[in-house]
Structure formats: C-alpha cells, structure tokens
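Chemist: Mind looking over this structure? Questions follow.
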Amino acid sequence: MKERVLVFSDAIIAIILTIMVLELPIRYATNGALDFGSLLNAVGIYFISFCFVANLWFQTAYAFNRLEQVKNKNLVAYMLLLFSLSLVPSATRLLIEDTTQQTILLYGVLTLLVTLVMRRMIVSLTKQEITDEQLQKRRVDELNRQDMVSIFFRLLLLVFGYFFVKPALVIYLILPILAFLQNMIDREEDRFVDSLDHMQQADYFQDRDRLWGNTMRRYSSLLRDSLHDKNDVDSERWKKIMDEWQARVDQEITERQQLLASNQSINKEKVSFELQQLEQQKKRLAQQNARMQSKVKRQMDRKVNNR
C-alpha cells in the first residue's frame with residue numbers, strides 16, 4: 001500500500017510542476033517584442049514554488065522510505081497534504097499575474113498550511129519509525145524545535161510580506177533551500193547513527209555537542225560530507241569521528257582516575273559511577289571502531305581489485 005501511495009503522490013507532484021510551467025504567462029510589448037522583464041519575473045516566482053514543492057517531495061519521500069508500513073492516519077494526512085499542495089499552482093499563477101500585498105499574503109498562508117501539515121506528518125512518521133522511547137523523544141523534541149522556528153518565522157514573514165512584497169519573495173525562495181539543506185544534514189547524520197546500536201546511539205546524542213565542538217561545525221561538516229557520493233569517503237570520515245570520540249572518552253577516563261587518586265574533596269561514589277559508565281562506553285566504541293575499520297578495509301580491497 002505504501003508503494004502505491006508514493007507512486008500516486010509522485011504523479012500528483014509531477015502534474016503540479018507541469019501545470020505551473022504551462023501557466024507561465026508570455027507577454028509581449030506594444031511593438032510585438034517579447035517582454036523579457038515580465039518573463040523573468042514569472043520564471044523567478046515559478047522557481048520559488050518549484051523549490052517549495054521539490055523540498056516537500058524530498059522530505060516526505062525520505063520519511064516514508066524509512067518505514068516498511070504506514071499507518072492509516074498518516075496516509076490520510078498525506079492525502080490532505082497533497083490536496084493542499086495541489087492549490088500551489090493557482091496561488092503561483094495569481095502571484096505571477098499580480099504581485100500585490102493580497103496575492104503574496106494568500107501565497108504565504110497556503111505555504112504555511114502546507115508546511116504545517118507536512119511537518120506534523122513527518123513527526124508522526126518519526127514516532128512510528130523509532131521504537132526506542134528515549135531516542136524517539138530526543139528526535140521528536142528536535143523536530144518540534146525546528147518546526148516551532150520554521151512556523152514562527154513564516155508567521156513573521158506573512159506580516160513582513162504585506163509591507164515589503166519584493167524582499168518577501170526572496171525570503172520565500174531562501175526558506176525551502178534552507179529546509180532542503182537541513183534535510184540533507186539530518187539524512188547524513190542518520191546514516192551514521194543507524195550504524196550504531198541503541199546504547200551507542202544514546203551515547204552519541206548525549207555527547208554530540210562536545211564531540212563536534214558546536215552546532216555550526218556539525219552542520220558544516222555533515223553538509224560537506226553529504227555532497228560526497230563515494231562510500232569510502234563516508235567511511236573514512238566516520239572512522240575519523242569515531243577516533244576523535246574515543247580519544248575524548250579516554251581523556252575523560254583519565255581525568256576521573258586522577259580525581260579519584262587525588263586528595264580533593266569530591267563525591268567519590270559519583271566519580272566512580274561516571275568512570276564505570278565511561279569504561280563501558282569505551283568498550284562499545286572499540287567494538288564499533290573495529291567494525292568501521294573492517295568496512296574501510298573491505299572498501300580499500302575492492303578498489304585495489306577493480307584496478
């Protein structure tokens with residue numbers, strides 16, 4: 001059933017994009033020459049809607065592909081999403097024909113509703129995908145934070161666009177591009193997380209900020225890695241991350257051991273418990289690192305054999 005729904009949605013999205021192209025107005029000046037200014041403006045607005053629809057397709061396709069089966073409530077939500085999305089060509093045509101406060105407000109409200117339905121559906125699909133309660137809560141909380149920022153920003157954009165039409169169009173172009181990049185980053189991180197067991201996943205998310213240094217470094221590194229097509233590059237990159245992670249754990253173990261050996265006034269039971277947890281984490285990392293090294297070695301052997 002899931003495959004049939006995805007094929008159906010792909011067909012609808014293809015039709016939506018086709019309708020938007022066919023409805024691009026071709027205007028001529030009084031002397032019969034083509035009005036390139038209005039044509040470029042129409043193509044620019046079409047590109048905004050194209051990026052919006054393409055980003056929606058990318059996010060929903062990725063969310064559905066991570067599931068074997070889809071619950072009925074999510075299928076109903078997806079049908080509602082496709083219905084709302086099918087109104088985008090009409091809103092785009094109105095915006096092209098008469099770019100005013102009213103038309104950009106109408107376009108903004110429609111894209112806001114589509115985004116809201118899509119993001120809530122993705123949260124529901126994520127809950128179905130992740131069975132571990134702790135990991136599920138972490139991922140859902142992260143998605144909710146992203147959604148709150150996105151919806152709040154789009155609400156502000158509705159007000160901003162009512163007073164500044166042209167600048168708002170530029171922002172409407174940037175939003176789906178940023179969302180697309182965010183999805184690429186999440187997808188790249190998911191590839192690494194999926195290779196870990198449940199305990200290692202919990203360790204990773206607990207230490208993620210310290211492992212990467214800061215959020216911007218994590219985003220830039222994951223985005224750069226997502227642009228690579230070769231699996232051997234990915235494996236070598238993740239092996240480097242595992243080595244850095246293991247080195248940091250070794251450093252924390254050494255610090256705890258030094259605390260226990262010192263005469264400082266500390267809660268030794270707490271430090272001993274933390275040391276025990278770090279030792280267990282080190283063993284799990286060593287096992288994962290061994291699997292990663294084995295994978296890299298197999299890839300290197302295949303490269304040598306293919307020469």
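Cβ coordinates are placed from backbone N, Cα and C, and glycine is handled just like the others.
TrEMBL: automatically predicted annotations, no manual curation.
As annotated by TrEMBL, transmembrane segment applies to 6-26, 38-58, 78-96, 103-122, 151-181. Per TrEMBL, the feature region 'Disordered' maps to 284-307. Marked as compositional bias 'Basic and acidic residues' by TrEMBL: 298-307.
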Chemist: Of the listed stretches 38-58, 78-96, 151-181, which one has the most C-beta pairs under 8 A with the transmembrane segment (6-26)?
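Modeler: It is 78-96, which has the most Cβ pairs under 8 Å.
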Chemist: With Cβ-Cβ distances below 8 Å as the criterion, list the same-chain residues six or more beyond the ends of the transmembrane segment (151-181) that contact it, or say none.
Modeler: 44-45, 47-48, 51-52, 54-55, 58-59, 99-101, 104-105, 107-109, 111-112, 115-116, 119, 223
